[in-house]
């Protein structure tokens, strides 16, 4: 007896893993409830399903609940009876969603996935090529099944029709040849997987050719999968095909008597028709040709049913649209996985437009009464009955529909302490869904607290948000402890506050803390803050009046620190009845700050407010901070209103110096043009210089404009509103204001190059037609980019989530002794990110001691803010910390290696889904970045190329590996690449270091004293020069006019220049030799300089030179705008571990460079190590070689120009270096955009990319050659083999891109729902893979709790206290979510609150 539909629900939930494998014909028949033999669907008159048809009720179940088809048995009492008239079982109609049927095929058919999916599984097993196999299956050729004796044939050989006839005459009846899937099935039956596996392994041992070895390896992979999984090869050929339940391929009546049907029905009908016709033909003993043709048609119909379009022509429906086959229902965004299993719709939800709710508290949101009434209906009904307002649900319904006054009171009660979740699409990170306490509001719009807008990325120009209601008590508790907006004030991406005042609030606070000299009551002295406030009320002083105040307590004085906004790192000063210069507004602000907060004296801008929030969080915790945020919000709005700021056209002050600056620039441009005319500079240099001139002028004009606005003093006490907005950080940036009232500056062409004539006008003066036209490019490009990049960025996030979704904090300490070193990030001498900021929240791997030897941080201790500051103060250069990269946890990572959970500021807890958090933190700004170009309106902003380096502090110059020569002018010129100019103090400690680039002028001698701002080095940023190290005479070698060099006449200047070109003759190596004077002998004394393609020669043959003179210049490409366009694709390139085009070849060992000869158009270069080891590299001709002969290089240094390939870095320098490279490169892109992401997120992703090993020598392990396996698996297997005394496998570390890594995961469900669904499932089925459901995605798909957070095994035992309490008749409602100001609203720490009653919840 089959289990009834009731018990089935329970069966489903209770399993630990899921296995996929091939189904045998017996298995398919055992699933089936009957054979479908007729292609009919339903009767057109009665609309009842036809018997034995595709919708047959006898096979699939009744169409009405508890009712057989003919109506003889109705109602529940006949449950389980099978009707004697129509043969239908009396049961629920929903069994039509789960009962399968089957079709017995008259002739076997191959399964298209296994025959056609690459690599062809059937082909590999039989060792038949795909083309031959196809010919056999589609009845164009015969295959020998039994070669017989003495025929000279071999089993599995494919022969043509003629050859078969010929053989039939030669050896009648001796051999058997067959056509179609039958033949293939016979062959597959004969295969003995065990012996075949042995045979191939033997062959591989003896095989010499690499090609054949690979072929065997591929074949072995398929054979092994059958051997291990217990699947039988002949199951890849189908005798029976299952018919999926009719409700999953419904036939829906449309109005007008037509029907809309699922494509699957068409495909099944086709199979049934052809199958029935074939049966008849076989019965009639029709001619072979006809039967064969019918079999081929059947095979094609079955192929189309499983995967339409995989082989042959696509079957199309009535309107020429390809039919959706079974494979298509799984694939892609609209397929089963992504549409129905990963993205379900939920009830108890609603959506509406949002408006701002400035009077709400941070944990509240306004919910329209109408919505609340609908969403909380069941709760209201329950409460109405409970209170005795009605006795049945029906009455309750009526009360609610009539909107009886009592209903509103009850709604208030129900809503109290019942959190709701708000979500704004797109949900780019976890803060896109937060929980709030609802406050009922009139109208139809949801009200939102202004401080959570940043997290939701919401504005009020018509955005909509969705509301969801957590129903179960557990869900409510989780929502209110983990997701409440007041508990999420830190960003998981960087650990800084995310609920920071923006826009109006910033403006209000800026205005409030500004001082305006000359205001009423200026300079008065007050004894206390209270006196100040009284004086303000009396009208003696104004808000912006500067005053003196006598104060006792701590003061953070930003005024003395020149209004830096650095609240966190400014030392508070202790005042004891001392006088301080402040303003009335600042007194008001400080009056509203928390009790023990130091007095903050200074002008607060956006950054200052952000730091204030962080300071408060660090010092006083969450509770106080939330309270303060609401205070600041109210103050900000109040004073933004009181300030009455408004913009007029006169506020766009055009600086008086503008005209002069533009005139000067035009003169400079003329000078440059003249230089170009005289041939002193190349075309590229001219372009670069002009761009440079205009960039500088634009900068100058905008600086002048800002000063003019700041000092804009029309009425004696006027504050320029535009300046206030930009300066405070409320709205608008320097660039935008520059366009309003400075000059628009340089614009970019659609190709990305910069147009050299800038727009000198601004929007206030207005643009002329040409200027307007030039502007349109940028504006359009901005819009197009936005649309395209949003999609790209979303796809990147999806891949990141997929690769890291199963990284969960799994244990407290993995016990590793490995770690990574962290240093401050320094670019061109400036500290971009201090050591302090990089190590905070990580766990130390070794004791960190100061110079006296006192331990600052011990082993495995978390580095807090204070400790990090102490380490930096002690002058420690680098710190070794634990990192996700070196974590030894087999699954997930451990607490100690991950460190602090950035969203709480405490150590991370077990069960935290850090992989998903990492993916979201990296993906979310991606979308922000894509929008970046859009706002500025496409004005070209170039990073001005640096051309000199000045010292930041006083000290002494020290050369580190700089080799110099003196030029004829007597200047020192750096002649090597990796030299460094350092500035040291009198004790010889390094304070700054700068790279001395090749060809730079070194302006200070070694050891000379240096003043701060003194220029140390100068160089030409636009060209790369090749210089001579010796004085002497120039000899051209292989520089032949018209062959390897060309004299290019410049039309504009009439000057000619020699340019090296790529010559077709491979033997020639263009080079310049400089022979010192007096050297008579040929050869040896001459210095050789190779000339790369496109070099402009600056000397002529036979000319005399002095050391340090320029031989040739290579123009640099610098003038493309640096926009995130370089950004997003670059990030994707790094995450996908793609090889960059034209990668630089890097040295694999430390050693000395020797030049070799040129062969086959490639130049050989040797690196000789100290120990005599020699490596040779072939560099393409015409590239610029970075190293001179005899120069020393380190392993990993590039030998030529070009980007480095991450795979090379892994091979040469190892995993840690590669990881450092990846993290730094990706960070650089984000840093350019001013996006702050914590390193540990990037580390989490790169760990997933680097956990793979490629097996090179299998030893005695179970691995297959060239297989890519998880390194933990690799290690375990090797240990197992070693214990047994076998030979372990050898492998090399691999770097997989995120897509590849996602598809290599253990879980086939997760991989199939990501990409290439059919390929993944084919592979999994043949291997008989088992999915142990360890990641998040698999569990969501299977409809289980995710194994992270509270769903983790570790927390599953936690029960809600009070679940089995017997309810007293009148229990007062207990609060689950205590009031706003009580201590309980602290962070959720692992257990759950104890005192929860069930009263106020849904039972």
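The backbone N, Cα and C atoms fix where each Cβ goes, glycine too.
In the record from Swiss-Prot, residues 887, 894, 897 bind Zn(2+) 2; the candidate from 616, 814 listed for the same site is 814. Here the binding-site residues are 459, 461, and the one with the most other Cβ atoms within 10 Å of its Cβ is 459. Excluding 814, 887, 894, 897 themselves, the residues of that chain whose CB lies within 8 A of the CB mean position for the Zn(2+) 2 site are, in sequence, 811, 813, 816, 882, 884, 886, 888, 889, 893, 895, 896, 898. Taking residue 70 (Zn(2+) 1 binding site) as the reference point, none of the binding-site residues 459, 461, 463, 894, 897 has a C-alpha atom within 10 Å of its C-alpha. Annotated Mg(2+) site 459, 461, 463; additional same-chain residues within 8 Å of its Cβ mean position, judged by their own Cβ, are 354, 458, 460, 462.
In sequence order, 814, 816, 893, 894, 897, 898, 1247 constitute the residues six or more apart from residue 887 (Zn(2+) 2 binding site) in its chain with CB-CB distances below 8 Å. Cβ neighbour count within 10 Å across all protein chains ranks 897 highest among the binding-site residues 68, 86, 894, 897. Note: the Cα of residue 463 (Mg(2+) binding site) and the Cα of residue 86 (Zn(2+) 1 binding site) are spaced 57 Å from each other. Taking the mean position of the Cβ atoms of 68, 70, 83, 86 as the Zn(2+) 1 site, the remaining residues of that chain whose Cβ falls within 8 Å of it are 57, 69, 71, 72, 73, 84, 85, 87, 88. Taken residue by residue with DSSP, residue 463 (Mg(2+) binding site) is part of neither helix nor strand, so it is coil. Taking 68, 83, 86 as the binding-site residues under consideration, the smallest Cα distance to residue 459 (Mg(2+) binding site) is found for 68. The distance from the Cα of residue 83 (Zn(2+) 1 binding site) to the Cα of residue 461 (Mg(2+) binding site) comes to 63 Å.
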